[in-house]
Each structure stands twice: as structure tokens, then as C-alpha cells.
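K.L.:
Take a look at what TrEMBL says about it:
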DOMAIN    B:13-173  domain 'Class II Histidinyl-tRNA synthetase (HisRS)-like catalytic core'
BINDING   B:D69, B:F70, B:T71, B:R96, B:Q110, B:E114, B:R303, B:Y308, B:Y309  L-histidine binding site
DOMAIN    B:226-351  domain 'Class II Histidinyl-tRNA synthetase (HisRS)-like catalytic core'
Amino acid sequence: MVVKLGVPSKGRLMEKTFEWFAQAGVTLSRAGAEREYSGVVEGIDGLELVLLSASEIPRELAAGRIHLGVTGSDLVRDKLAAWDSKVMEIAPMGFGHADLIIAVPKAWVDVDTLDDLDAAAAAFRARHGFRLRIATKYHHLVREFLKTNGVADYQLVDSQGATEGTVKNLTAEAIADITSTGETLRANHLKILNCEPVHKSQATLFKSRTAAWSDDTRATMVALKEMLGMGD
Amino acid sequence: MPRTDIPKAAVRAEAARLKSGFEAKGAHPVEMDILLPAEVLLDLYGEDIRARAYMTTDPDRGEMMLRPDFTVPVVQTHMSDGAEPARYTYAGEVFRKQEVMPERANEYVQVGYEVFDGANPADADAEVFAAFSDALAGYDLRAATGDIGILVAAVHGLKTTERRRSALLRHIWRPRRFRALMTRFSEGGTDLRQHSLERVTANLAEAEAPFIGLRTQSEIDARILALREDANEPPISEAEIELLDDILSLKETVPHVLSALRDIVVDMPAISDAVTRLSRRADAMAARGVDVETLEFEASYGRTSMEYYDGFVFGFYAEGRPDLPPVATGGRYDALTAVLGQGRSIPAVGGVMRPGLMLALKGDA
């Protein structure tokens, strides 16, 4: 048996992940042609590279089909119910930083905080007859956050892309989305609420709590952890 | 652990037995749809229900929900064609996602008893509680009771603006936000309120951003005016804040709570009627054989999980098993009938119990 490591199959996240492992002497690369989704591992025995869409990695970890996986901490928390019973964080990797934030129109001079948002939502519902809409694709994280902070009279509407445009298009009054620089928000006349982000995300190496382990894979894991400077 | 291998047939048989017990007390048996239109439930409970209920879509009827509880459909049925007084009982599955505690059942049977009878609310409360207490006798359960009506009356009686009172009432069921609002409106919140206004004034002075979205200039202006008025409004007095705190922290047996509340009434006459209701309920319960002397009462009970219960609330818990959900819960929900009744409202009280859990606990003993 081998230890299966799931890594995002393309883009900056894949490259940065390869660099991060390379620093520890584990060389990951794609096999053969540019479009082929299989990987090569050098520098350690018993580790297999599985290239996957970043958004599928949480599910694969939870199902135990991969032992290790690299993905954003936001995706794990949003997609897995009781995430910490299914996966554990081994190492934050120091890249892919992004904050999940709530933003409202800049013209809302009266709204800067969650208190303000809650008060505005109450008045909005009374005036318009429906709950203030927040567009997002991070339903679970945003709902938990607003519940913890006691915000009421809002509803989440699903937005899988171009979320910053939903307010102008009248399909939402506010948004919750990932941002790293805030430029898209400013360009769309939105401002970030002045509170802790819903979640501060970064690329993270996760270990599945449900995958099957054998003596072989345990030995590989010990060797890998030592190379990563995380010997127990 | 309680047994989780109780056959469904056994749970169904136990449910039927409990239901016929309620029928023997005069309840009319009703059947409700499993697949419900989502709109009413979403409007009532908001986003929270999405985290708890299974949603699906019908090509013609739009969003539908697997029945997360019976209360709403039973109230709707009663409001549309029920005569009063009425007593209903039902048994059937409810479906709840368990995001936080995946080990809990996401499909289980509830048996319920609901009383729509405005003649003597204190006695109707007692009737429902006693019916549950009887059905659950023989299990090692702890009964918890409370009364949201006392807190509501206390907030109504605060000597402050209508706006502040409604803000507090709106968040009765969200203790953390309620606490934050209490702070904001108190002496200690004066700076905070002033600061809010200054922040908004500073925003106004900045370069104008274009108006986007449905929320209009007039809504923003109205909120600014509200902030301005609130900053100039005197705080809620320390004395009143202390009384609210005293009420919120009450947790004792019913007789002790009643005696403490009667002391508070001297300084806060607004809760007088609510305290009288509690006292009448206690008498009615005693008359129905409930041991009121040792019955626990907690003024904050039911604030986190039971929105729309607005009076008497109760729950039965397996002793020493904090990992288990309550075996039974219930309460008064006059406000719910007002929301669903489109202008009409009916005094209503009821509760549900879980035969599956009861059988599991019996197997444990």
C-alpha cells in the first residue's frame, strides 16, 4: 500500500505546493504531457501523487480515498460537516492566503460593523418584505459566522462566480466572498465590513482521519514527517 | 450508549401507543405531509432552517422541504379549518441535518400533542406538561421549565424608547446579541453609541460612492436618523439593567423563583401579569399532580433553540446523558399562530416526544 497525496491539479496552488514539498526534498511533478493528470514522486518511497480539483480534495479526504491532501482551509471547513472529525491539519503551508469577508455597498455609510448589518437587515426586511440577501458560495461558513454573531433577518443566495456583481445586478444586497487584495470589491463599489474575517484561509496540508493505514503507509508517513521537519 | 438498533417497527408501535394515549385524553389524530413547501418555513426561521432541514426542488412548486417539525403544518391546518377549542395528536418522521453532531439521528419519529384553547392558558400549559410528564414517567428524566413571557414583559416595561425595546425583543432568542444590545443601551454604552454616530458622520463626509442595489438612500437616511436619536437618548438605567440581569440569571425550583420574581415586581411592575401567569400555571400543575415544589425553573431556558416559543417552555432530558438530545420539548407559541394566521391568532401550546429515544433509554436501564 502507498500513501496517496492529493494536490490541486493546476495553477499557482499546484506550483506552490510542488515548491513547498521540494524544499523538504520531496520532488513532485506531473507525468508526461501537460494535460495528463498523473504525477511522479521522487525523494521518498511509498508516496503517490494524485492530481485533483482543489474543491474535490476535502471530499476525497473525508471519504478516506486519499491519505493526505493540500487544499484551502476554507474549502475543508465549508464543505465538510464536523470537518475536524474527518480530517486533521498537519501544516499550514504559508501561501494561498485569502480572507473570507462580508462586503456591502460603499454607499451604505451607516453600515461598517456586524451590529450595523443586523440593524440594516431588520429595517430592510420590514421595508421590502423579504430578508436581506447575501450572495456567497461559502454557505456553511457564512451561516455559522452570522449565527455566532447573532445577525438575523438575512438570507444566503447562491453565487458560484462574479459574486461582486450581484449587488449591482439586484440579486443580492451584500456579498460574502474570498478576497486577497480587495481590488475587485473596490471596482464594484463595495467595502469590507470592519470585523474579523469569517475565515482566514491558506493552503494547508491535511491528513484524513478515515483513510486505512497499514504498517507500510505508517512508515512512509513517519519518513515524510521527518523530511518536513515535523518528526513526532 | 443508547441502543441505535431499535427496529423501526418497534419505534412505530411505541409511537402509536403514545399517540393513542393522547387520543384517550381527547386529542384528534391528524396526518401531515412529509414534503412541505419551503417558503413559509424559510420565512419563519430564516437561514438557520437551511442548516437543519433537507431541501429539494419541485419543478412546479419550487423549493420543498422534508418536514423538519410538525408544529408549523399543524398550526396552518388548524388556522385554515379548525374549530376551537381543539386538541391534536400526531406521529411521524421528521428530518434534520446534523452538521454539528453527525452521530445524532437525521431521521426520527416524533409524537406530538397540541392544544388550541384560549379559555384558560395557565391550565392548558399545565395540561400539556402533565400529559408529557405522565407519558414519560418511569424514565429517569430531568424536567426543565422556563417562561419566555417573563423576559418579554420585562423588556416591554423598560423605561426607554420603543426602538430600543423592539431591538431587544427581536433578539430575545439570540442571547449574545441581546447582551450586546443591553450593553449598548446602558450607561457603559454611551461612548459606543456616540462613536457609531461619529463614524457614520465621517463616512458621509467622504467622497460619494454610487448607489447600487435595492437598499435606498431613504433607508440609509432613516438609519442615520435613528443612530442620531439613539446617541442623544439617555441610557437605560443601571437599576433596570440589574433587574434584567437578575431575571436572566434566575435558576431555581418554581417556588423559589416565584418568590424572587415577586421581589423584582416591586421595582418592575411591568412583569406583574407574567408572574401572575407563572403562579397560576404552578397552581394548575400542582392540581394535575405535578410535583411543583421540586420542579426546576430557568428564566433563560429555551432562548437559544426555541424561537417562536413565547411563553411557557419545557424539556425532558435523560439524567446524566448530556450527549443525548432532549427526549421531549414543548411550549407555548401564541406568536407563531399570529405570524401564520395573517391577522388572526390563537393561544396555542404543545410539545413533542421521541419514542425511539425512549425505547433506547429503556433498553439501557
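Placed from the backbone N, Cα and C atoms, the Cβ positions cover glycine too.
Each of the listed features needs to be described in terms of its position in the shown structure.
P.N.:
Around the Cβ of B:T71 (L-histidine binding site), the number of neighbouring Cβ atoms within 10 Å comes to 23.
In the domain 'Class II Histidinyl-tRNA synthetase (HisRS)-like catalytic core' (B:226-351), the DSSP tally of helix, strand and coil residues is 61 helix, 23 strand, 42 coil.
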K.L.:
Measure between the Cα atoms of every pair in B:D69, B:F70, B:T71, B:R96, B:Q110, B:E114, B:R303, B:Y308, B:Y309, the residues the record assigns to L-histidine, and report the largest value in Å, rounded to a whole number.
P.N.:
22
K.L.:
Hey, what's the Cβ neighbour count for B:Y309 (L-histidine binding site) at 10 Å?
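P.N.:
So the Cβ neighbour count for B:Y309 (L-histidine binding site) comes to 27.
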K.L.:
Mind giving me a neighbour count for B:Q110 (L-histidine binding site)? Other Cβ atoms within 10 Å of its Cβ, every protein chain shown.
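P.N.:
I get 23 for this one.
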K.L.:
Helix, strand or coil by DSSP: which one applies to B:T71 (L-histidine binding site)?
P.N.:
helix
K.L.:
Suppose you look only at the domain 'Class II Histidinyl-tRNA synthetase (HisRS)-like catalytic core' (B:226-351); what would the mean pLDDT be?
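P.N.:
That region's mean pLDDT is 92.
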